[in-house]
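Structure, as structure tokens:
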Amino acid sequence: MVLISWKSYDDPASGNFSFQQDQEASQYVIWKRSIRCWRSGVSDNGGSSRSEMPSAISYFLSNFTSTSVRNDSVPYSTTSLYTNTRMVMSFAGQIQYLQLNTEKTWSVIWAQPRTRCSLYNACGNFGSCNSNNEVVCKCLPGFQPVSPEYWNSGDNSRGCTRRSPLCSNSAASDTFLRLKMMRVANPDAQFKVNSEVECKMECLNNCQCEAFSYEEAETTKGGESESATCWIWTDDLRDIQEEYDGGRDLNVRVSVSDIESAAATCETCGTNMIPYPLSTGPKCGDPAYLNFYCNLSSGQLNFKARGDTYRVTKINPGMHTFVIQTETADSCKSIKSNGNLLQLNQSSPFHVIRFCHAVTGNISSTVSLTGGDEVEIGWDPPPEPTCFSSSDCKDWPNSSCSVRGDGKKLCLCNAHFKWDGLKLKCTGAGHYSERKNGSSIGNIPLSLIIAVALISLIALAVLSSTIVCICLQRRRMPKLRGKQCLFNNVNCFLLE
């Protein structure tokens, strides 16, 4: 059986979308010509494939002959669920199960895909999709867009790529992102293990291993314990979705250097990298920026402001901004009208950049975005990092742990250097080491260059005026006998 869409709303010619059963994978698939747009089968946290299609509809599609679904989940064929119903492949690419209601109009009982993240591999390889965010796609920590130009324009199909290759130096240079409630394509290998450490080492010892997932052994009714299960992914991770009900714990392999820029940087929270100075605890970041909380059970990052908590949907380290989400559009408008957004006081390093931040993307009208409106917040450049010993300043070159006038110990910049809160380092344009590696012109102070240029222009103007005056004088004065000395404002010339 194959359902083919119309070409348009009022053109019954064959369109671009088709719905059919994949015999090999025992699932249903929506195709846009040669591109897979949706699939009914999803790998669950037990390692097997479960269906996102209700069993009643699967039973309907099998002409009431399927034996792959549980009997207790299948309604009788004579029930109202199958009366006056039809299944349609819409011209926009959505499969719909419709029923004629009492008002003699067709109402949608079930449809897929319903959200952007329902699309197959919506954010490309190594791209994570979150249907609760306005901007649904992001690269996993330690990854970057394959094509930044397309990615920033809303085309995420090319996905993301690693910043550093696996096993670039040694297995010790790699670590794992522990992600909660994740959906991902089926694993490439599955086997029994005795512990999570054994599963982890199996992945570390294989340079082709991209990620692993571990499930504890279950205890049978007789009290016996079965072996735990380990799943391994060796191909690029596809069809990733976070905050997915029934999702698995996924451990993605990354290079340590790609997610830990400094010892003072906080650990990643789910799919969010937390740049310095933002802080989720007293042992990382800057204490003045301790307004963030990481929910370890869900991997969700939150922003706290005087008793209220907001979901963080995006962090842009380069722009020193992040985006929070309100519960509803009304609450966002209420926050804006109060004038005192999030109760941030004047001493806070955070400031509002944009209210009710709404983002539009290149998304079909059949795919909806969920979640409340969003607010964009920026943070001020931090002061010098705090320290307790000289080892705390190792991530800040050209600085040393010293006591400031108020008695506070900071990583203060050495002589000839100055702290730059935007670059997060001590800089010194006139220092010998920088002059040695740079051009001499590039290190000359701008004020000196301007002064020399002005003096040169004045001297040139005076010299030009002098020459003009001499020429005029030579034409007007009669020839003199002997020698005369003619003085002007600058020089004395001897006329013969």
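Every residue gets a Cβ built from N, Cα and C, even glycine.
Residues annotated as domain 'EGF-like' in TrEMBL: 113-149. The domain 'Apple' feature in TrEMBL is assigned to 167-255. Residues or ranges marked as transmembrane segment by TrEMBL: 446-472.
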Give the residue counts of the domain 'Apple' (167-255) per reduced DSSP state, in the order helix, strand, coil. 12 helix, 38 strand, 39 coil
Which whole number is the mean pLDDT over the domain 'Apple' (167-255)? 89
Counting by DSSP, what is the helix, strand and coil composition of the domain 'EGF-like' (113-149)? 5 helix, 10 strand, 22 coil
